[in-house]
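> Starting off with a structure, shown below.
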Amino acid sequence: MQFYLILLAILYLIVSFISIFKMEVVFTRILRIIMGVLLLFVLALTTMSFPKENWWVFIVLLLLVGNVEVTGFKMLKKDLKGVNILNLMSLFIFVIYFILTIVLF
């Protein structure tokens, strides 16, 4: 279960990196948003069967998806300083998500 939840987040981050920095077309932006929504939906359904304490994993992943979408917006506006700060925040949020997933599941 831990591997599954961590792998989904890593795949989302890879797709987001490609759509934000490498392939700047509308189609990849739409796919990134759809994948983020589906990731949140799958994680919400997965954590429904666990105690309330495990909802922290969902909240942290929600913050990660929101941060990635803000990064995409900042990259669209060519704010490189903001993008660098948001990339560091995304890395920090992913580390927190990783630790919570290992500890709670």
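Each residue, glycine too, has its Cβ placed from N, Cα and C.
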> Based on Swiss-Prot, are W55 and L80 on matching sides of the membrane?
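Topo match: no.
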> Six or more residues out from either end of the transmembrane segment (56-76), which same-chain residues have a Cβ under 8 Å from its Cβ atoms?
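Distal contacts: 5, 9, 12-13, 16, 19-21, 24, 29, 32-33, 36, 39-40, 43-44, 47, 82-83, 86-87, 89-90, 93-94, 96-97, 100-101, 104-105.
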> So if I exclude everything within five residues of the ends of the topological domain 'Cytoplasmic' (22-29), which remaining residues of that chain have a CB under 8 angstroms from its CBs? That is, six or more out.
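Same-chain residues near the topological domain 'Cytoplasmic' (22-29) but 6 or more away: 72, 75-76.
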